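Asker: Provided herewith is a single structure, encoded as structure tokens, for subsequent inquiry.
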Amino acid sequence: MNSPLRGIWLWLPLLLTWLTPEVSSSWWYMGATGGSARVMCDNVPGLVSSQRQLCHRHPDVMRAIGLGVTEWTSECQYQFRQHRWNCNTLDRDHSLFGRVLLRSSRESAFVYAISSAGVVFAITRACSQGEVKSCSCDPKKMGSGKDSKGVFDWGGCSDNIDYGIKFARAFVDAKERKGKDARALMNLHNNRAGRKSVKRFLKQECKCHGVSGSCSLRTCWLAMADFRKTGDYLWRKYNGAIQVVMNQDGTGFTVANERFKKPTKNDLVYFENSPDYCIRDRETGSLGTAGRVCNLTSRGMDSCEVMCCGRGYDTSHVTRMIKCGCKFHWCCAVRCQDCLEALDVHTCKAPKNADWTSPT
């Protein structure tokens, strides 16, 4: 091989590394990695050195994070259940979502936020349940306190959300902090918005003590709300996400359109418009909507017109078993009958383009 060609071949792997976009949060794959924490730490691809160090030092926290992946991906799928892109995950893909999140879109903003929130939630819950050696209940919630109802004593186990946020920041943001590009700044912003969203729904719960429930004495603690509240909140932020561009010195954002308000730390931000997700597309990672169930009577995103992108739909007649004729029997059971229900199911037609059958 002559010298110029040989030089090109030597540089080719490095050029491909520079030019190929990468989904940063390979730690998402921790939920799919079985075995011990050590096996998980060594086999999740793409972790930076500080993430691997935290992984080996805190195997109990990593187990919590791994279990939490299932929870936040399920919440993502719930929020997008009626949309063309439904937060579907890919088996044996360490990025979990494939090429879809390479684009700096609203969907990427939401996934980074909900995943960061999921880590905070999972770690904080594990602390309260005594599953993490390095943390427990919130040590600051001791002694007495006061609210609109009067004085109370801190007791029980207040969720140590500050520990969850601190660990999540150190672990999740580690790879983004190594990068100085626009996408890294976008991810860091949305990660922070996700962490803050969990703390927003921290609520005070109390138990009354006293003669005949007089509540002359109260014991209170702080508890995280159900993760659905965080998911609903971030969904609203997704719908109000703000498109931005990098400022001139490359240190932050400015709005892409002067009509938009400046994003706060609680807002989600994105750079690129989303694809329509109508058809399978190798470049964008879209799986398309062929075969998706649609709602014939809806006028929303789940309608057959919108979901199927104007391609039409097929209708199949199916029967399913449901509970019916339920009656309450004293005391204390509800008994139901099993009934067959006939219904029509509408699914989106595939495009006529033969390329549809090609795998992504």
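Using N, Cα and C of the backbone, Cβ positions are placed for all residues, glycine too.
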Asker: Check Swiss-Prot and name the cysteine among Cys278, Cys336, Cys339, Cys348 that pairs with Cys309 in a disulfide.
Answerer: Cys278
Asker: With reference to Swiss-Prot, specify which of the listed residues Cys308, Cys324, Cys326 is paired with Cys339 by a disulfide.
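Answerer: Between Cys339 and one of Cys308, Cys324, Cys326, Swiss-Prot records a disulfide, namely with Cys324.
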Asker: Determine, on the basis of Swiss-Prot, the cysteine among Cys157, Cys215, Cys220 paired with Cys206 in a disulphide.
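Answerer: Of the listed candidates, Swiss-Prot names Cys220 as the partner.
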Asker: Rounded to a whole number, how many Å is the Cα of Cys87 (disulfide bond) away from the Cα of Cys278 (disulfide bond)?
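Answerer: With the alpha carbons as reference points, the distance is 14 Å.
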Asker: Out of Cys127, Cys220, Cys324, Cys348, which of the disulfide-bonded residues has the smallest number of neighbouring Cβ atoms within 10 Å?
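Answerer: Cys324, out of the disulfide-bonded residues Cys127, Cys220, Cys324, Cys348, has the fewest neighbouring Cβ atoms within 10 Å.
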Asker: Taking each of the disulfide-bonded residues Cys206, Cys326 in turn and counting other Cβ atoms within 10 Å of its Cβ, which one has the fewest?
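Answerer: Output over disulfide-bonded residues Cys206, Cys326: least Cβ neighbours within 10 Å is Cys326.
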Asker: Closest to Cys331 (disulfide bond): which of the disulfide-bonded residues Cys127, Cys208, Cys278, going by Cα position?
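Answerer: Closest by Cα: Cys208.
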